[in-house]
Amino acid sequence: MLLNLGSFIVMVLIASYFNFYLFQRKGLLTRTAGMIAASVLAVLSSFEFGIIAAQTFDLDLIISVGMAILFAVIVGFPSGIGFGLKSGFNAVLAGSMGAILGTVVGSLFYKSNIVVMLADIVFILLIFVVQKVVDWRLNEKNKKQISSKAVTKKVSYTSTIILLIGVTIVAGYVLLEKNHIQIGAIGKPQSQIATFDEENNLQIATIDVTASGFAPSTTEFKAFTMIKAIFNVKPNAGTGLKLVSKELNLSVDLKTGPNILLLNNPQPGSYEITIESKDYKGNFIVKAEK
């Protein structure tokens, strides 16, 4: 959690610095160059925000996307408005596209510090590259040439309309397909072995219930020793969930948060557990000690 919080802080600081960097040079860049730089900043920052938000909060995908889009507005409009109203709108729309895609991409991965660290590194490197490109652009053009060109150019909102259509299509697709997006599927642990609590003489295992199912899907136990299974239901898994196992004669309603299940004297065998309303399937494998 501290890594994620640190990533948010670093991202905001870098985005703020680049905003200030563009503001200082707005008189030296053409409107087009400034608009592109502001839009790229908004895309990268919002994409990064979406990934970190998805890796930090167990929220519904649409809520996470909404948070990322709000961030895109906060970052994009101030960075673009210095180069005209069109630049402000374009930066917001480009950032919104990055926010949607970043949140979806971040949601596909199971929560991991590695994902957050890689996103941070790529974000910092790309921002550095963009700054170098802007510096190169400034060295190529002088202020007098830029000013004379800026006066003769007419403002066209064609690119804004194209961006708006693109954002609408992507947002609509995510809204329609959100229940089919395999949240946390990449890198999800597939199996685990229960730990033994010597003091209480029982086996303990925690199984997360997420939007992509049980994590891990298979848990191994030893036979004849009481089992304490903790089903930790994440908010993005939904509500009205019921844990069912015909072999174990189970039918238990699950609430958001930890749900404790105790099984006494488990016998050797393989037992399927399901949440039928979501088509989630998992297994308890009970092994006899040799």
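Backbone N, Cα and C define each Cβ position, glycine as well.
The following features are taken from TrEMBL:
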- 6-23: transmembrane segment (TRANSMEM)
- 35-55: transmembrane segment (TRANSMEM)
- 61-85: transmembrane segment (TRANSMEM)
- 92-110: transmembrane segment (TRANSMEM)
- 116-134: transmembrane segment (TRANSMEM)
- 155-176: transmembrane segment (TRANSMEM)
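Highest Cβ pair count under 8 Å relative to the transmembrane segment (35-55), across stretches 6-23, 92-110, 116-134, 155-176: 92-110. Contact counts against the transmembrane segment (92-110), taken as Cβ pairs under 8 Å, peak for 61-85 among the stretches 6-23, 61-85, 116-134, 155-176.
Segment contact is absent for the transmembrane segment (155-176) and the transmembrane segment (6-23), given fewer than three CB pairs below 8 angstroms at sequence separation of 6 or more.
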